[in-house]
Amino acid sequence: MESYTLSTSSISYAKPLSPLLLTAEQPSFILRNITLTSHPSQILAIIGPSGAGKSTLLDILAARTSPTSGSILLNSVLINPSSYRKISSYVPQHDTFFPLLTVSETFTFSASLLLPKNLSKVSSVVASLLKELNLTHLAHTRLGQGLSGGERRRVSIGLSLLHDPEVLLLDEPTSGLDSKSAFDVVQILKSIATSRERIVILSIHQPSFKILSLIDRVLLLSKGTIVYHGRLDLLEAFLLSKGFTVPSQLNSLEYAMEILQNIRDPYENANIALPDHCPESKKQNQKQSIVRYKSSRITEISLLSSRFWKIIYRTRQLLLTNILESLVVGLVLGTIYLNIGTGKEGIRKRFGLFAFTLTFLLSSTTQTLPIFIDERPILLRETSSGLYRLSSHILANTLVFLPYLLLIAIIYSVSLYFLVGLCFSWQALAYFVLVIWIIVLMANSFVLFLSSLAPNYIAGTSSVTILLAAFFLFSGYFISKESLPKYWLFMYFFSMYKYALDALLINEYSCLHNKCLVWFEEASVNSCLVTGGDVLDKNGLHERQRWFNVYMLLGFFVLYRVLCFLVLLKRVSGSKR
């Protein structure tokens, strides 16, 4: 098997200036002239104080960020970022998992996508990985409970090892861990580097003496420049050559960190021989290649749907809350509007009932907002690494919520419909259930879209509340279309409430189209004042609009799903840039 050596040639990175700012200000460099080399079976530790540029350098080495100048080479060949990501793995500082899945289930999901043609080997691969990471005894433990910080970090490392990368990059793998857990993590990384003959590069703030014994080479950074790059056991000699003697009570690295600001000349490693440019014959095609996924779309959707169902089933509290909420609210409304009749008072009450129904159904979906926001970093990590297609995630999410929200719609509709005494027709009832179902699906898509945009739960909740209030205000229930200022008229047509309210009104009064709802009685003369058709005419509605409103609601459902996909696609592309 071919072994790889990773190197960089004069990498610099400057913080991009805003194109909107017309200024002659020079760019601020975070990294300057970084030239390094990392060999297989060795750990290279990037060490430096906060703000030295460690994380930025790792992002560049992982091909997540493009350097301002310089190049990354693998066996002296300029890398193609897309191809390079297939043989490398990046482990971020913060662990992100689904807390309701077990360690084994988390590994099995990724392994099934990475080994679609060898599904029989998945269990053996997972078992072997659990053993290698000393996690066998925690295989059936849920990630949200019972795992220490060090064990969670090992799970993150395990996920990155499933496709057996040649280069493993880790951002602060010991951050937030106690000394023993930190040592255990680095010890496992050392074992991986030697047993698999892989390149391991990690950033670390200030390693302990025990951890230093596991590190082969160090790259000491200060203010974005290299102070020293080489073997750890040669650091003391380097310091001596600069006129610094290491005190007996300190090791060479501790002393180097203390006098970092006094080592004025950045270290230049004369032993690293890198070409200024790669010969054309050795250059890889720099054009971004199409990402080829290891699993088919059907396999991806199937596995993602299975994971979604498992998480929903295990979120029993939310599941039962949604079902009970729909049942209780439906029954309470049914008893409040019990047999409301069809007269003048009944017409007014129906408007109120339908308006409240829409408010309840659309606002209740905000319960899923924190779940979607918590899932987002996991989704970005998995899709940016090429584990599965983003579109497969959106489709699987849709397929799972279709039957789940249909159940909610049926429970709410049946508990309400007959108590209120709405139009008794199986066709009308079926249409009512259909509209309620599409409303909750549309609301789910709306929340999904906002969760892709919102930076956090508080901002997401505020956005949902403000926009739903605006949609309700411009629905025509409070202010008619004719009374709206022309410059606000567009909001009337963008209001989700409008089409949903119109659909419910048309369904009810089409059924009562020829029935007299309000009579004029004087002496022996009885004449009909208002029919169901008159109610529709007064509100500018017609029976032929019945399916138009359904199509509009479906359009909103699809639109918000597509917008969510585009926002997430932009985020995924940003994490690969």
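Think of each number as a place in line: the chain as shown, counted from 1.
For all residues, glycine too, the Cβ spot is worked out from N, Cα and C.
The model shown is predicted, which means the values in this text are computed figures rather than measured ones.
According to DSSP, Ser55 (ATP binding site) sits within a helical segment. Feature annotation from Swiss-Prot assigns ATP binding site to Gly48, Pro49, Ser50, Gly51, Ala52, Gly53, Lys54, Ser55.
Taken from Swiss-Prot, the feature domain 'ABC transporter' covers 6-248.
Residues annotated as domain 'ABC transmembrane type-2' in Swiss-Prot: 299-509.
Residues annotated as transmembrane segment in Swiss-Prot: 318-338 (among others).
Annotated transmembrane segment per Swiss-Prot: 353-373 (among others), in sequence order.
Among the features that Swiss-Prot reports, transmembrane segment is placed at 400-420 (among others), with the record citing sequence analysis. Listed as Cβ neighbours of the transmembrane segment (400-420) (distance under 8 Å, sequence separation of 6 or more from its ends, same chain) are residues 305, 308-309, 312, 322-323, 326-327, 329-331, 333-335, 337-340, 353, 357, 361, 429, 432-433, 436-437, 439-441, 444.
Annotation comment: Swiss-Prot describes 429-449 (among others) as transmembrane segment.
Summarising the annotation, Swiss-Prot assigns transmembrane segment to 458-478 (among others).
According to Swiss-Prot, the transmembrane segment annotation covers 487-507 (among others), on the basis of sequence analysis. If you look at the transmembrane segment (487-507), the same-chain residues 6 or more away from its ends with a CB under 8 A from one of its CBs are 350-351, 354-355, 357-358, 362, 423, 428, 431-432, 435, 439, 442-443, 446, 470-472, 474-477, 481, 535-536, 539, 541-543, 545-546, 549-550, 552-553, 556.
Look at Swiss-Prot and you will find 548-568 (among others) tagged as transmembrane segment.
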Within-chain partners of the transmembrane segment (429-449) [C-beta distance under 8 Å, separation at least 6 from its ends]: 357-358, 361-362, 364-366, 368-369, 372, 397, 401-402, 405-406, 408-410, 412-414, 417, 422, 464, 467, 496, 500, 503-504, 507, 546, 549-550, 553-554, 556-561, 563-564, 567
Greatest C-beta neighbour count within 10 angstroms, which of the binding-site residues Ser50, Ser55: Ser55
Cβ-Cβ under 8 Å with the transmembrane segment (548-568): same-chain residues at least 6 beyond its ends: 376, 379-380, 383, 390-391, 394, 398, 434-435, 438-439, 441-442, 445-446, 448-449, 451-453, 496, 499-500, 502-503, 506
Largest tally of Cβ atoms lying within 10 Å of a Cβ, found at which of the binding-site residues Pro49, Gly51, Gly53: Gly53
For the domain 'ABC transporter' (6-248), mean pLDDT (0 to 100): 89
